[in-house]
Amino acid sequence: MELFYLIVFGALAVVVATMELSKNNKDRINTSSAFNSFKNNYLLVYSLMMAGDWLQGPYVYYLYTTYGFGKGDIGQLFIAGFGSSMLFGTIVGSLADKHGRKRAAVTYCITYILSCITKHSPEYRILMVGRILGGIATSLLFSAFESWLVAEHNKRGFEQQWLSITFSKAIFLGNGLVAILAGLFGNLLVGSLAMGPVAPFDAASIFLAIGMAIILSSWTENYGDPSESKDLLTQFKGAAVAIASDEKIALLGAIQSLFEGSMYTFVFLWTPALSPNGEDIPHGFIFSIFMLSSMLGSSLASRLLARASIKVESYMQIVFVISSASLLLPVITSFLVAPSKEKGGSITFAGCIQLLGFCVFEACVGLFWPSIMKMRSQYIPEEARSTIMNFFRIPLNIFVCIVLYNVDAFPITVMFGMCSAFLFLASMLQRRLLGVAERSRQDKVRELEAEPLNI
């Protein structure tokens, strides 16, 4: 393996370790033993859920190719997954608010396990069913667990600021360390042990089943609005009214869709960007580098969120600007660095520059997740939390489906330029959100000051 990759990986590992070990009292929040027990239980479950998800990711496309399917058929399977998340995920999210978030978490486990089982069949129709089930599961993963956590945290009377600890640790572990370990474990199963491309999916099922057992034995149920008089359509209308009537919620949804849309597009683009002429790059090792970068971002987020004087709405403007600049690098290098015409070989100089820029972007992703979770806990009403969070995913899934369908229609530099523009727009909307939130706080202060005069 080239020295360049080892240097980048080693440097990131040292920085992450230093940041975690050097935290002082200002970077930590004093909590209770009851909260720590609650937090650790959630982190264990969340890590198992993410292990089940990360184990599958690197092998879905590869598995389909081993069954003899071409790029067009595989593209349709991926579109089916995102389309399923958009259509059915919203309904399932609303059911979580009405019938319980714990039930929704268990449903996620069952649905994803069934999706893994379908991977044993080479039949296209069965694989399509698996992608639809996977799309539903993805919506539940990114709404039901967070909704349960926020409601349970508040129900147990823990301080609001303590939520940021759980959010940042969940991203550090679930989206960082677990992702790296899952990648190495999957590589062990498929490569070293030669157990075949289905093995990671079977392993994922085991992790999901263990997580489901912990949920069933230790979680209590909580709801958004369990009112029997409210059907799905009423819940949808209530969520839509909440978004339309509160600019903060609408802005938050737009920001989330713009960032996540760019993030999912990046997932499809980084490989051809780093190896435009079929250069030999270590995909698994680069994935580990990206996850280390994400851990760096989440570690920095935990420091920022621990300080009450720093507003999440404020620093996220800078994060979006930096992420926009990082994805503009492929466009800049295409003008400044002469493209190589040689086929194969090792990564080019332009590729090295882009890889460093992509590490910066992944660090921004690590910052984004706990920060957006914190803002969602502040602005989204409890009674429709899962419904609104899945509403946010509708434009995201539409965007990703369009990108997937037209991925070959535009040059890669155009795609990166589009993502960079979306991220810059997100920074502008974040600035707007900061202003609206500040005015809202000032209005509440004035109302409180005026209350004694009305008595």
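The first residue you see is number 1, and the count goes up from there.
Including glycine, each Cβ sits where the backbone N, Cα and C put it.
TrEMBL annotations:
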TRANSMEM  6-22  transmembrane segment
TRANSMEM  43-62  transmembrane segment
TRANSMEM  74-93  transmembrane segment
TRANSMEM  128-151  transmembrane segment
TRANSMEM  172-195  transmembrane segment
TRANSMEM  201-220  transmembrane segment
TRANSMEM  285-306  transmembrane segment
TRANSMEM  318-338  transmembrane segment
TRANSMEM  344-369  transmembrane segment
TRANSMEM  390-407  transmembrane segment
TRANSMEM  413-434  transmembrane segment
Range from 43-62, 285-306, 318-338, 390-407 with the greatest count of C-beta pairs under 8 A to the transmembrane segment (344-369): 285-306
Distal contacts, the transmembrane segment (318-338) - CB-CB under 8 A, six or more residues away: 255, 259, 262, 266, 273, 348-350, 353-354, 357-358, 360-361, 364-365, 367-368, 371, 412-413, 416-417, 419-421, 423-424, 426-427, 430
Cβ contacts the transmembrane segment (390-407)/the transmembrane segment (6-22), at least three under 8 Å, sequence gap 6 or more: no
Contacting positions for the transmembrane segment (128-151) when only residues 6+ beyond its ends and CB under 8 Å are counted: 42, 45-46, 49, 53, 77-78, 80-86, 88-90, 92-93, 96-97, 101-102, 104-105, 107-108, 111-112, 114-119, 163, 166, 219, 222-224, 373, 376-377, 382, 385-386, 389-390, 393
Best-contacting stretch, by C-beta pairs under 8 Å, relative to the transmembrane segment (43-62) and drawn from 6-22, 172-195, 285-306, 413-434: 172-195
Beyond the flanks of the transmembrane segment (6-22) by at least 6 residues, Cβ under 8 Å: 285, 288-289, 292-293, 295-296, 299-300, 303, 355-356, 359
Same-chain residues near the transmembrane segment (413-434), Cβ under 8 Å, at least 6 residues beyond its ends: 248, 251-252, 254-255, 258-259, 261-262, 265-266, 269, 273, 311, 313-314, 316-318, 320-321, 323-325, 327-331, 334, 375, 403, 407
